[in-house]
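Colleague: When I checked Swiss-Prot for this same protein, it listed these features:
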type	residues	note
SITE	His30	site 'Important for tRNA non-discrimination'
SITE	Gly81	site 'Important for tRNA non-discrimination'
BINDING	Glu172, Arg218, His457, Arg498	L-aspartate binding site
REGION	196-199	region 'Aspartate'
BINDING	Arg218, Asp219, Glu220, Gln227, Glu491, Gly543, Leu544, Asp545, Arg546	ATP binding site
Amino acid sequence: MRTNYCGLISEQYLDQTVTVKGWVHRRRDHGGVIFIDLRDREGIVQVVIDPDTPEAFAAADSARNEYVLSITGRVRNRPEGTTNDKMISGKIEILAKEIEVLNAAATPPFQIDDENISENVRLTNRVIDLRRPAMQRNLRLRYQVAMGVRRYLDAQGFIDIETPMLTRSTPEGARDYLVPSRVHPGEFFALPQSPQLFKQLLMVAGFDRYYQITKCFRDEDLRADRQPEFTQIDLETSFLNEDEIMDITEGMAKQVFKDALNVDLGDFPRMPYAEAMFYYGSDKPDMRINLKFTELTDLMKTEEFKVFRGAADMKGGRVVALRVPNGAKFSRKEIDEYTKFVGIYGAKGLAYIKVNDVGNLSNGEDSGLQSPIVKFLSENALKEIIERTGAQNGDIIFFGADKTKVVNEAIGALRIKVGLEHGKDNGYFTDEWKPLWVVDFPMFEYDEEADRYVAVHHPFTAPKEGHEDLMVSDPANCLARAYDMVLNGWEIGGGSIRIHRADVQEKVFAALKISPEEQQEKFGFLLDNLKFGAPPHGGLAFGLDRLVTLMTGAESIRDVIAFPKTQRAQCLLTNAPNSVDDKQLRELSLRLRQKAAETKEA
């Protein structure tokens, strides 16, 4: 029977006999004495085997990396000069008396402590990859976060209630994962993109405070922070307004960070969506970076420089400046790389001005401003740019001029890239946790492809008080009772006050050009139940995977999920998704179009 975990044996166990079980992390033969570093989930302990115990010595001699061993022995101090203060077990070792080989191991595809392994190799051999200490730490922290959430919400009176995994398809937003029904041929379930409607119905049912930590599914293109199946910390409350919900969830975030990382998140300032977009070009600004946009659209309406004037006069266009302190030292190569970078976001180029002498703001050859565009701008405009940005000698000013969406995304991304690469050395990056709430989101945004307004969050979000009539008369300026929790440039949680009246919900559907017939077909169960005395309610959902990625500093969300999918939505460990045989398809009343075409051609 195991008496101790390897990594937790310290000096308090000196002269005691212990039994440990684990994997051979490393084996060394030093002049007839064998040393084994035995590893389990808590860490490593050094085991010494000498020839005086011949059976144990023979077992140790046959063992290789990743063999599974049971070792019994006496704890003693390590010899002077061989201790490791970074480990709990670093001052002791076990002198083995008995060793049992519980299982042999084939040569692993990579060494457990090898950090230079491609992600494909890691994901194909995920079980071995999960033995690595970094992965063990990540998943342990994930567990601690989940348990902290449960403890906090339980203390706040929330009830953990499961909602269905097989539900109906309501294709608003991302694509659903569909599950064919065998007993109802030609009909399909959908895997939930969120428990949104069910948790609202639980409020109508009178449960008052609900939560669950649950899987959600979205069939969408993947990025570094996205997975087709992801875990959500989901909660909903009745009779609370947005301030009260934000207070509860802010308290939860603070408690979880304190318990798991011993970090005090401090205050959560609130920033209107319009301000976030105006100064940072993003609805999830990274406040560690002290760089802001400067608005120049009005100034450029009277300039002759076509690139800026065209964007300023364009419907929905924008011209902004981004001042970077001490950026005049950027090389031509660096600026070219930044130009290529903003092109990813649709920018056609990246204009800049290096500020060498603010005392000479002419547009002539002797100007204190260095740039190919200086000669195309009036001296008044140059002075105004320097004044508005507050630029000083040694700075560089980057410009964005295009449709507002392109400018916000391109210069917003540039702000992050420059801030992370140069901010720490130049005083405009603070390496600490910077949370905030982004509030007052627009209710709708215009989708040019669909030629209609769509919901910014989802169609069940309530309009801001006094904005109900704007849903139809002026949807572009209608604000929502929505709020996002943002931390270091990541949206870690999003929520809203919901619509609790059926007539208001029907108006929102109408504003989204969802016909009464379609409303009843897709959402009739919601509309019908809202008529039975639905309480005012609202909630919020946190992305657990994203939150733990941020807390661990992992490079990818895949590093905090035990068995993740690749960016092509595949599991390399099990080779999923996979084809199924014709019998299974027939049972589901399905036929593959490609196979049918091949059969017809034959």
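Cβ coordinates come from backbone N, Cα and C, glycine included.
What you see is a predicted model, and the numbers here were worked out from it, not measured in a lab.
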Colleague: Using a 10 angstroms cut-off on Cβ to Cβ distances, just flag whichever of His30, Arg218, His457, Arg498 is the loneliest among these recorded positions.
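Modeller: Counting other Cβ atoms within 10 Å of each of the recorded positions His30, Arg218, His457, Arg498, the minimum falls on His30.
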Colleague: Given the recorded positions His30, Gly81, Arg218, His457, which one's Cα is the least distant from that of Leu544 (ATP binding site)?
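Modeller: That would be Arg218, the closest of His30, Gly81, Arg218, His457 to Leu544 (ATP binding site).
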Colleague: In the three-state scheme derived from DSSP, which category covers Glu220 (ATP binding site)?
Modeller: coil
Colleague: Which one is it: of the recorded positions His30, Gly81, Arg218, His457, Arg498, whose Cα lies the shortest distance from the Cα of Arg546 (ATP binding site)?
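Modeller: Closest by Cα distance to Arg546 (ATP binding site) among the recorded positions His30, Gly81, Arg218, His457, Arg498: Arg218.
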Colleague: Quick one: give me the count of other CB atoms within 10 A of the CB of Gly81 (site 'Important for tRNA non-discrimination').
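Modeller: I get 5 for this one.
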Colleague: Give the residue from the binding-site residues Glu220, Glu491 that has the most other Cβ atoms within 10 Å of its Cβ, counting over every protein chain displayed.
Modeller: Glu491
Colleague: Where Glu491 (ATP binding site) and Arg218 (L-aspartate binding site) are concerned, what is their Cα separation in Å, rounded?
Modeller: 17
Colleague: Taking the residues the record says bind ATP (Arg218, Asp219, Glu220, Gln227, Glu491, Gly543, Leu544, Asp545, Arg546), how far apart in Å are the two Cα atoms that sit farthest from each other?
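Modeller: Overall maximum Cα spacing for these binding residues reaches 20 Å.
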Colleague: Taking the Cβ of Leu544 (ATP binding site) as the centre, count every other Cβ atom within 10 Å, in any protein chain shown.
Modeller: 22
Colleague: So if I draw a 10 Å sphere around the Cβ of Arg546 (ATP binding site), how many other Cβ atoms end up inside it?
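Modeller: For Arg546 (ATP binding site), the count of other Cβ atoms within 10 Å is 22.
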Colleague: Check the Cα-Cα distances from His457 (L-aspartate binding site) to the recorded positions His30, Gly81, Glu220 and tell me which is shortest.
Modeller: Glu220
Colleague: What is the separation, in Å, between the Cα atoms of His30 (site 'Important for tRNA non-discrimination') and Arg498 (L-aspartate binding site)?
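Modeller: Between the alpha carbons of His30 (site 'Important for tRNA non-discrimination') and Arg498 (L-aspartate binding site) there are 69 Å.
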Colleague: Round to a whole number and give the Cα-to-Cα distance in Å for the pair Arg498 (L-aspartate binding site) and Glu220 (ATP binding site).
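Modeller: Cα-Cα distance, Arg498 (L-aspartate binding site) to Glu220 (ATP binding site): 25 Å.
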